[in-house]
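Pulled from TrEMBL:
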TRANSMEM  5-27  transmembrane segment
DOMAIN    26-446  domain 'Amino acid transporter transmembrane'
TRANSMEM  47-71  transmembrane segment
TRANSMEM  100-120  transmembrane segment
TRANSMEM  182-198  transmembrane segment
TRANSMEM  210-231  transmembrane segment
TRANSMEM  243-264  transmembrane segment
TRANSMEM  285-307  transmembrane segment
TRANSMEM  327-347  transmembrane segment
TRANSMEM  368-388  transmembrane segment
TRANSMEM  394-418  transmembrane segment
TRANSMEM  430-449  transmembrane segment
């Protein structure tokens with residue numbers, strides 16, 4: 001019964017996505033690296049609790065984004081019609097400390113995004129090259145310790161979904177010297193070092209269509225794998241390898257990850273001030289977030305319920321569970337790699353502009369300072385790719401901190417101050433918004449209890 005209900009949800013979800021395709025821009029901006037960790041996050045939370053956490057976090061994100069839209073509308077200049085940005089509202093209403101908290105949280109989220117992008121580029125390139133080598137006939141040159149014949153389809157010991165005639169140790173490359181933990185992380189330094197010295201990144205911004213294509217490709221491979229793998233969920237027998245618990249104490253992994261997944265609050269006023277019909281802003285915001293929720297549920301819950309091995313085998317990047325001799329996986333990983341390559345310079349540029357503008361009042365203080373800045377950023381990326389390539393953990397730590405500051409505390413503070421200024425603040429409203437801020441703090445602290 002649950003299986004058929006899930007099929008209906010999938011069909012209905014795709015229909016809704018198609019009918020609201022014109023809100024695709026906002027949806028596309030929210031689709032990020034969190035998608036690849038969503039199945040792992042569901043595995044950390046359990047099915048029922050995972051769904052509840054998804055809905056609650058999405059609802060809180062919508063509400064606090066709505067508070068920012070309302071605040072921006074109230075503070076819009078009646079003559080010039082210029083609406084204030086988020087940082088301006090923090091500085092003018094809450095104080096300089098709020099502005100610096102905004103800048104700090106934004107810096108953390110951008111820096112962590114760069115680290116995650118680097119790790120993903122390493123993993124995607126590593127797997128893609130091994131796949132191409134395999135399909136090109138390189139299998140004949142591989143040592144027998146890496147390749148064996150299988151009688152079954154799944155390799156539980158290695159947490160790897162295998163083809164019937166192919167198995168390998170995922171920690172070992174098919175190519176001698178091609179090392180994911182040493183060789184590959186260093187390859188991107190000579191590529192990005194000169195690119196990041198550019199003053200503008202307009203060329204890479206024009207390649208934004210790759211983002212939408214990669215998301216649709218990711219949804220496609222999830223659907224194909226769902227059909228191939230079939231239903232692999234047991235809700236009763238705890239000894240079954242497909243057993244799915246409803247509640248797990250590690251659910252903060254999901255709530256922390258969703259802090260980044262649902263975050264767009266720094267840009268929400270900028271995005272919606274260009275909406276032709278300003279009266280539809282709130283409605284469009286709700287619909288856009290609903291589409292995002294459906295996409296996250298489709299990918300996260302879809303992989304979680306159909307994954308053919310033990311659910312604890314789901315990796316923080318679920319594409320790492322797919323074999324190198326999978327054509328569809330290769331195509332998706334190449335597309336995602338191209339997206340990461342085009343997005344990385346843009347995010348690095350935004351981070352550079354934000355830091356230098358805040359510290360020295362100049363977005364480009366000179367090639368030497370920019371060079372040093374780029375070296376520091378890439379060094380952090382390389383070190384994490386070598387010693388801590390856990391994208392799910394990086395996202396949840398950064399996401400929880402960012403959400404605490406920019407999604408929970410500051411929007412509520414701005415709203416309460418505006419209500420007090422209008423002499424319409426009630427004790428109930430003050431308590432509710434204080435409670436929302438506390439939820440953000442608890443979510444951040446909970447990340448360190450796992």
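Quick reminder: no glycine exception, Cβ is built from N, Cα and C everywhere.
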Distant-in-sequence neighbours of the transmembrane segment (327-347), which means Cβ under 8 A and at least six residues beyond its ends: 110, 113-114, 117-118, 120-121, 124-125, 127-128, 131-132, 135, 192, 195-196, 198, 201, 204-205, 207, 210-211, 213-214, 217-218, 220-221, 224, 319
Recorded stretch that, among 47-71, 210-231, 243-264, 285-307, 368-388, has the most CB pairs under 8 Å to the transmembrane segment (100-120): 368-388
Contact check, the transmembrane segment (210-231) vs the transmembrane segment (285-307), 3+ Cβ pairs under 8 Å, seq sep 6+: yes
Criterion met for the transmembrane segment (182-198) and the transmembrane segment (285-307) (at least three Cβ pairs under 8 Å): no
Non-local residues, at least 6 beyond the ends, that sit with Cβ under 8 Å of the transmembrane segment (368-388): 111, 114-115, 117-119, 122, 181-182, 184-186, 188-189, 192-193, 196-197, 348, 351-352, 355-356, 394
